[in-house]
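Quick notes on the structure that follows.
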Amino acid sequence: MINLLYNHKGVANGGMAEFQEMMRQQLESSMHTELEKLLDTTTGAEREVSKKDFEGFKNLYHRFLQVKGPSVEWIKIKRPPEDSIQPYDKISARGLPDSMANSLNKLVVVKLNGGLGTSMGCKGPKSLISVRNENTFLDLTVQQIEHLNKTYNTDVPLVLMNSFNTDEDTKKILQKYTHHRVKIHTFNQSRYPRINKESLLPVATNLSMTGQNTEGWYPPGHGDIYASFYNSGLLDQLIAQGKEYIFVSNIDNLGATVDLHILHHLVSQPNGKRCEFIMEVTDKTRADVKGGTLIQYEGKLRLLEIAQVPKAHVDEFKSVSKFKIFNTNNLWISLAAIKRLQEQKAMDMEIIVNSKTLDGGQNVIQLETAVGAAIKSFDNALGINVPRSRFLPVKTTSDLLLVMSNLYSLEAGSLTMSPKREFPTTPHVKLGSSFTKVQEYLTRFESIPDMLELDHLTVSGDVTFGKNVSLKGTVIIIANHGDRIDIPAGSMLENKIVSGNLRILDH
């Protein structure tokens, strides 16, 4: 069906555009009919919520059918002007006013909480995985904001954007924070139908989330925050309370704490030049080559994601010399601007087409958007090149090992690099498939090794660590298939390769 839209050989060139337009209209009409059928399978509040969701989906689907080739022309890409990405040092050098309370009272912290812990072998929301001293991602977030509110006598609320995958479990756990000094609100991102790759129509047969329909739905990426936040009524409620800015970040980025210097920079702009959107970027390393970057495009600051890059230019996009920075997804956004852009239907984000294969083997696509892609819709948008410490995502157990170790100290919910580490960079850690699931990973360490002087660690195969192991320099441990390596308690491995039957060689 997609090919029909773009490549129907039986039609003379002159009539091609008309034929494509006719096909698009037919598809759109069929989609609207199918969505109505889905709505008719339920009543009441669920029907109303789904109806609102489907309005957003129809808009996305309409735009998807219009797309003719790549969303960027490579030749038009320019480096951002010097002043459009400010170094963090320049922002922080201005200092802070005597009282930050007024500025903090204008702030709302929003965490993207739609993801599950499945990639780390955990059931339920990722935010409920323990990351340090039995504290979960959510615990650490609440502790950070509570510390701010107590220190400055302020009322910074926490807002969680849940998905239908995480909402129920998250709400159950929120009761434990009742007596903390943080007001917590939640809203749900939309629920969109996955579409059959061939027919381009929904695979779900009704609105339920059970049986075969379970796989028929998806949360449409974090770009959905603007519409779902607005539709929930929470946006208006917070504006009425005098809130002006949201600080948005992924809940699994432990470096994304409220930064007072960036907040002060935002609220102290003159009225005519009010910055409506700040994206925190940081210097790219070889590990970040796929991260989205900021470019200048048709006179606007714009986020360029790897999915938008023509195949011929992917290597150029990954080069650290041409595109030096990447998006951390720590964003500071004006609430009034979100409201204005939503009401004007002027929020412009590129569509990400994500292909999936369902358990039954059916090929589907899901249409998504990214929160940072809306940067070009906001006035006076700015990038700030922040220290790497503000980007500490925990996506794998290799990341988890770093944040559980003595490389970091924990205070009031915030992790900071230990002053005892001589280099500010984090070690490169690569744990093999025996460590993928959190439960299995935990059984392989009697205690987390001392990693203060570690540069690189690779572990592969059936390996366990005794208590009080110390790792320094470059350490590579490889247990061959059928072998097991137990690193004895109290071992100190410095620049060593350990293989096979526990032969320890100098590296």
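Including glycine, each Cβ sits where the backbone N, Cα and C put it.
The UTP binding site annotation in TrEMBL covers Lys126, Gln189, Gly221, Asp252, Lys395. If you look up TrEMBL, you'll see His222 marked as substrate binding site.
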Neighbour tally for Gly221 (UTP binding site), based on other Cβ positions within 10 Å of its Cβ: 23
Distance from the residue listed as 'substrate binding site' back to Asp252 (UTP binding site), taken between C-alpha atoms, in Å: 14
Those binding-site residues, out of Lys126, Gln189, Lys395, that come within 10 angstroms of the residue listed as 'substrate binding site' at the Cα: Gln189
Recorded UTP binding residues, Lys126, Gln189, Gly221, Asp252, Lys395 - maximal Cα separation rounded to whole Å: 21
CB contacts for Gln189 (UTP binding site) [other CB atoms within 10 A, all chains]: 27
Count of other CB atoms lying within 10 Å of the CB belonging to the residue listed as 'substrate binding site': 23
Tertiary neighbours of Lys395 (UTP binding site) (same chain, Cβ under 8 Å, six or more apart): Ser119, Asp252
Residues satisfying Cβ distance under 8 Å from Lys126 (UTP binding site), sequence separation of at least 6: Gly115, Leu116, Gly117, Met120, Phe137, Thr166, Ile251, Asp252
Neighbour count (Cβ, 10 Å) for Asp252 (UTP binding site): 22
